[in-house]
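Okay, structure first, notes after.
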2 protein chains.
Amino acid sequence: MNEWYMQEGPESDVVMSTRVRIARNFNGIPFPSKMKKEDGQLIIKRVKEAVFGRSSAIGENFKFINIQELSPIKRQVLVEKHLISPNLAESRIESGAIISGEENISIMINEEDHLRIQCLSAGLQLNDTWNLCNKIDNLLEESIDYAFDEKFGYLTCCPTNLGTGIRTSVMLHLPALTMTGYIKGILEICSKLGIAVRGLYGENSEAAGNMYQVSNQVTLGLTEEEIISNINNIAKQIIDQERTIRKQLYTQNSFRFEDRIFRSLGLLSNARIITSEEGLKLLSDVRLGVDMGIITDIDIKKLNEILLLVQPASLQESVGGPLNPEERDIKRAETIRSKLK
Amino acid sequence: MNEWYMQEGPESDVVMSTRVRIARNFNGIPFPSKMKKEDGQLIIKRVKEAVFGRSSAIGENFKFINIQELSPIKRQVLVEKHLISPNLAESRIESGAIISGEENISIMINEEDHLRIQCLSAGLQLNDTWNLCNKIDNLLEESIDYAFDEKFGYLTCCPTNLGTGIRTSVMLHLPALTMTGYIKGILEICSKLGIAVRGLYGENSEAAGNMYQVSNQVTLGLTEEEIISNINNIAKQIIDQERTIRKQLYTQNSFRFEDRIFRSLGLLSNARIITSEEGLKLLSDVRLGVDMGIITDIDIKKLNEILLLVQPASLQESVGGPLNPEERDIKRAETIRSKLK
């Protein structure tokens, strides 16, 4: 297991992951929503050549996935791993993804834009993740002519991506700020600063498991480095606040705090039926316990792995076939139990 | 640990314990509520002589406890072990108890009656327990002149004990009948048959932990053997019904059944704060799991021991001093955790 999420990154007591993605389009070809089938095929061919071609510096560790050839479950597994977007999973046009062995790099082809280059890292690693993304972008640009405008920058299908085309986000685990309700004030401040805060699975989702994705909304008028730096600063402030409140809660009533954490661990290690919602809630408590040194025989990597494995499609993939919701809840409990043993 | 509750008796999947007690009074001395201090002292002296005297066949394994000399916590520990009654624990007159090493025999002196001879056994052992009680009674009668009337039998302070003076009871664990509500019908039938059903701690208590004490109400007009036989028959019918419903519930949805049991085990093994009420509820689930072979690495004796240890006075005795309710809940959780490890 050398996947990125099986590593422990900086500030991993609060920051689960860092993600940077950039949107790029081919010059002279309509955006995916308007293009012909042959355009789609041509783009896939050209991107594959750029990555796997004889002169490419990046191809060795990558594999191409044809989205149309995947079963619905396998598509959804990629969504659950944040390797492709829900949009791409539902795509009915020629589309694909080129994914690295460590699953830290994913190049989505013919999503909303022709290209979405995405890099993921454990913990808070905005600069490194951006640098990796930038490197992939430069390598592709050696053989691909991007749609670029001197005034607007990179042209994208949706105007909210115009300019740098960059979306950078950090996934934060904020149980203490959520428990105390202080998260509301933070959400308000972020909104005023043009920073979006969303739940685990992107837009339109609640903060299941106390996990919040903090990302930039503005892509135009700032350099990539300025955008990265803004998110970094905001993230560091939220991290500090979360840590302060965690300590306060623990100091106020350590028995009650530990009771909550160990009860959740006890349920996760013993229950025979666990819904997705309950699983996220209990895993959040256990993660908090690990982060604070209250639970010492489980590490964050194990919890990251469990978080991925207990999602609906991943559970179904593990048994090699469809499971109804009840069967998933049983398989989820079984998976968590065996991983925590 | 050779205490009676550390042994496993017959039908122990449903029957926790069997108790037989008989009420006896000295001829020619007023009942304890009316007697003078010297009468009380005399009775204690005479009972001690009967038990510990040179010619006694029973004294070796027994010890005398002077209730007045005990701290409130130590008195309450004896109540929690069912070795003395709450009445005797609160006694302000000369009173005592003579208790066997296995804690299966207790002779209370100057409770409501001059003598209450009580025998306890694990599981369903009505005949053996009665025989033991009868044997102690006969040995005492060798040197004590009991108040006895040819028409009414043994005379007792309260007319409900008149005649045989016997109260025989079995403590049943009835989680399945309780869960399904069928227990109500059983309570009604018992009431019509002159059988009392009470919660864990005797009269005026709810059935905490799904434990019900089934005992005879009539002491007059039947022989001891008839009374014993009645309770035995009723108990066996309730045991059969409880077992049937347990199997039905398990067959209907084994995952949900096991989920409940293992969640309770998970909480008991991990929580840092457990109230008395929650502890009894969770222990009831775990006992059910052990009884049905779902939990295999814990035995009933361990659960019996925990049930005794987590009571308020026993917890306080274990730390050697008073604990407020919050401290007790913490100590209770700690005790359960260490015993289940």
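Cβ from N, Cα, C; glycine included.
As recorded in TrEMBL, the features of this protein are as follows:
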type    : residues                                         : note
DOMAIN  : A:14-245                                         : domain 'Phosphagen kinase C-terminal'
BINDING : A:17-21, A:His82, A:Arg116, A:167-171, A:198-203 : ATP binding site
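Each of the binding-site residues A:Arg116, A:Arg198 was assessed for Cβ neighbours inside 10 Å, and the highest tally belongs to A:Arg116. Counting only same-chain residues at least 6 apart in sequence, those with a Cβ under 8 Å from the Cβ of A:Ser169 (ATP binding site) are A:Thr18, A:Arg19, A:Val20, A:Gln213, A:Val214, A:Ser215, A:Asn216, A:Ile231. For A:Ser17 (ATP binding site), the same-chain residues that are 6 or more apart in sequence and have a Cβ closer than 8 Å to its Cβ are A:Trp4, A:Tyr5, A:Gly9, A:His82, A:Leu120, A:Ser121, A:Ala122, A:Gly123, A:Val170, A:Met171. In the three-state DSSP assignment, the secondary structure recorded for A:Arg116 (ATP binding site) is strand.
In the three-state DSSP classification, A:Ser169 (ATP binding site) falls within a strand.
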